[in-house]
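Colleague: Below is one structure. I have some questions about it.
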Amino acid sequence: MPELPEVEVVRRGLEQWVVGRTIAGVSVYNPRSVRRHTAGGADFGDRLRGLTVTAVRRRGKYLWLPLDTGDAVLAHLGMSGQLLVQPPDRPDEKHLRVRIVFTGPGGAGGADRELRFVDQRTFGHLMVVPGGAELPAPIAHIAPDPFESAFDPDAFAAALRRRRTGLKRALLDQSLISGVGNIYADEALWLSRQHWARATETLTAAETAGVLDSVRTVMSAALREGGTSFDSLYVNVNGESGYFDRSLRVYGRRDEPCVRCGTPIRRDVFMNRSSFSCPTCQPVPEGARL
DNA sequence: CCGCGTACCTGATAGC
DNA sequence: TGCTATCAGGTACGCG
């Protein structure tokens, strides 16, 4: 379940392995994985052949590879996507969707590698965005993430006051703040002692600042640990699992004692997904949007 | 424009 | 044993 820290781990790995490499060929094994590339899988490959990757960028949970033409390959891992850098003779993964092969030997240590997009549930996707090197048009509506200098805390606070919705729903809205998913939303809410249904327009400036601070804190911690995973779905760029679940304070800990006060953690269903919280540290506020 | 519900997808697991 | 139901959840889209 890649959120910002996991995607950043992938970005760093790709930066090491694919920057400077020239694309020799592309194979698309499942058209659904390039469904947002409306011209289709053949066109996806045709547009990439011969181009050189110049960088690896990220905003929130989106990644993109700027190319020497000014175009870019845009990627989203969805629920279960992985971008693996593998030796070409490594057997194909069961859910291999797209393979990108580079010209000649190269990469770190001179070892040859190819880039594989592996995605069990196919919620992720790749697409070529003409002129997308700086900021791909399809993600222009995504807000900066809280680690970007472009992120504006005052604008975020103002947006929360304008909204008539619950705090967790707002944290998951990528047009307000990007990179936060279900897991780190719960962790940040617990750390800042806020309930997920808190009406956003009632938040004080100090409370909003506290929530933002908690978002950065839990994501920084996850990044230091190399990302979160509960199973083999999330694997970093070299195929190594990034386990971090033991550091989670509330997520997935239903009925376990809150590490702050001992009260059993509660699980609520919200937006058709699980929300974990401490009933004592995060009481249901007045005017809650349940 | 805004808030909110739902479709999309596969595999693991639980229950009968 | 084998079937069905449920759960996992990020994003786009459509409805009111």
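Note: Cβ is positioned from N, Cα and C throughout, glycine not excepted.
Curation does not apply to TrEMBL; its annotations are automatic.
Pasting the relevant annotations from TrEMBL:
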{"type": "ACT_SITE", "residues": "A:Pro2", "note": "active site, schiff-base intermediate with DNA"}
{"type": "DOMAIN", "residues": "A:2-124", "note": "domain 'Formamidopyrimidine-DNA glycosylase catalytic'"}
{"type": "ACT_SITE", "residues": "A:Glu3", "note": "active site, proton donor"}
{"type": "ACT_SITE", "residues": "A:Lys61", "note": "active site, proton donor"}
{"type": "BINDING", "residues": "A:His95, A:Arg121, A:Arg163", "note": "DNA binding site"}
{"type": "DOMAIN", "residues": "A:249-283", "note": "domain 'FPG-type'"}
{"type": "ACT_SITE", "residues": "A:Arg273", "note": "active site, proton donor"}
Colleague: If we count other C-beta atoms within 10 Å, could you say which of the recorded positions A:Lys61, A:Arg163 has the fewest?
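Modeller: With the recorded positions A:Lys61, A:Arg163, fewest surrounding Cβ atoms within 10 Å: A:Arg163.
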Colleague: Say you check the Cα of A:Lys61 (active site, proton donor) against those of the recorded positions A:His95, A:Arg121, A:Arg273; which is nearest?
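Modeller: That would be A:Arg121, the closest of A:His95, A:Arg121, A:Arg273 to A:Lys61 (active site, proton donor).
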Colleague: Nearest to A:His95 (DNA binding site) in three-dimensional space, by Cα, is which of the active-site residues A:Pro2, A:Glu3, A:Arg273?
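Modeller: Checking each of A:Pro2, A:Glu3, A:Arg273 against A:His95 (DNA binding site), the shortest Cα distance is to A:Pro2.
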Colleague: Across all the protein chains here, work out how many other Cβ atoms are within 10 Å of the Cβ of A:His95 (DNA binding site).
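Modeller: Excluding its own Cβ, the number within 10 Å is 19.
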Colleague: How many neighbouring Cβ atoms, not counting its own, are there within 10 Å of the Cβ of A:Arg273 (active site, proton donor)?
Modeller: 13
Colleague: Under an 8 Å Cβ to Cβ limit, what residues of the same chain, 6 or more beyond the ends of the domain 'FPG-type' (A:249-283), are close to it?
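Modeller: Distant Cβ neighbours of the domain 'FPG-type' (A:249-283) are 168-169, 172, 182-183, 186-187, 189-191, 193-197, 230, 290.
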Colleague: Can you grab the distance from A:Pro2 (active site, schiff-base intermediate with DNA) over to A:Arg121 (DNA binding site)? Cα atoms, rounded to a whole Å.
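Modeller: If we compare the Cα positions of A:Pro2 (active site, schiff-base intermediate with DNA) and A:Arg121 (DNA binding site), the gap is 13 Å.
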Colleague: With DSSP assignments reduced to helix, strand and coil, which class does A:Lys61 (active site, proton donor) get?
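Modeller: Going by the DSSP assignment, A:Lys61 (active site, proton donor) belongs to neither helix nor strand, so it counts as coil.
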